[in-house]
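S.K.: Below: one structure in structure tokens.
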Amino acid sequence: MVNFLLEIFIFCYVLVLVSGFSEKLETLPFHEGYSQLFGHDNLMVLQDGKSVHISLDERTGAGFVSQDLYLHGLFSASIKLPEDYTAGVVVAFYMSNGDMFEKNHDEIDFEFLGNIRAKNWRIQTNIYGNGSTNVGREERYGLWFDPTEDFHTYTILWTDSHIIFYVDNVPIREIKRTQAMGGDFPSKPMSLYATIWDGSSWATNGGKYKVNYKYAPYVAKFSDFVLHGCAVDPIELSPKCDIVQNSASIPTEISPHQRRKMEKFQKKHLQYSYCYDRTRYKVPQSECVIDPKEADRLRRFDPVTFGGVPRHHNKRHHQRQSRREDTSAK
């Protein structure tokens, strides 16, 4: 009965247009949607109550978490990343239920990976379902703008059939649920999180470049919080919302125009995809759709990771290890 009710209410409080939807959604003051997770005075809420800064220094990072659990919906924030030397710094905006389901948790991740001077931030997306951390589904990209110069909107759209990641309303990745994925697709209620922390061991060139606290504090700025989903009771795991009259449901498909934008983005900015990583997966995962042209491009970019070429045991190739050293679970 609970599952039936959850499916009825999964689109509560959602008003989404196929394009430009984030401008149509109501934003929340920070304290109406979120609470501090850690970091003491490394989290600062601005006077307007709608913006927050989280920082990393020698003492600690910082983070905040949504006050409610959600099952499906649309969730976004505008984020401005730290500038200058940011190697080893990780800023994350993600969904998780790891505090409730330690051994079989779900996650939907945006991770922003800092870099050395003259090198841009990279953005990484990933999902886990039912504790499937042994099957990473990471993709990593460059961006078409400098994320340190201004705020940009990052959005997670999550339904029972697909997950879409957006940057400034441009879809950059779609994950469709397949029968073969089974429990690997996130399906349990989750909270929203935002954190900044020291990922020196892996975040930049597999840990080659570390956080340099000479440049601290590293400050990530957040605003325009959108939490449009159905809140779930944390004990009963049952919905707490009512259906909103005359509200549009989440789009079930990416429009043709948006899909063209996504394909253009991926061809230009995709740097890593687990679907093409032949060192990790001899056979692509069930949800992967292999594009021969993209496979060839990535193979030329990194013949070891994407071409299955044997790795030579020398210092240079040790420094160019595959995503296994360039990503990590939180």
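Residue numbers in this text run from 1 along the chain shown.
Every residue, even glycine, has its Cβ placed from backbone N, Cα and C.
Taken from TrEMBL, the feature signal peptide applies to 1-20. If you look up TrEMBL, you'll see 21-222 marked as domain 'GH16'. Positions annotated as active site, nucleophile by TrEMBL: Glu107. Residues or ranges marked as active site, proton donor by TrEMBL: Glu111. Residues or ranges marked as region 'Disordered' by TrEMBL: 301-330. Residues or ranges marked as compositional bias 'Basic residues' in TrEMBL: 310-321.
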S.K.: Using a 10 Å radius around its CB, how many other CB atoms surround the residue listed as 'active site, nucleophile'?
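M.R.: Within a 10 Å radius of the Cβ of the residue listed as 'active site, nucleophile' lie 21 other Cβ atoms.
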S.K.: Across the whole of the domain 'GH16' (21-222), what does the mean pLDDT come to? Round it, please.
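M.R.: On average, pLDDT over the domain 'GH16' (21-222) sits at 95.
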S.K.: So for the residue listed as 'active site, proton donor', how many other CB atoms are inside 10 Å of its CB?
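M.R.: The answer is 22 other Cβ atoms.
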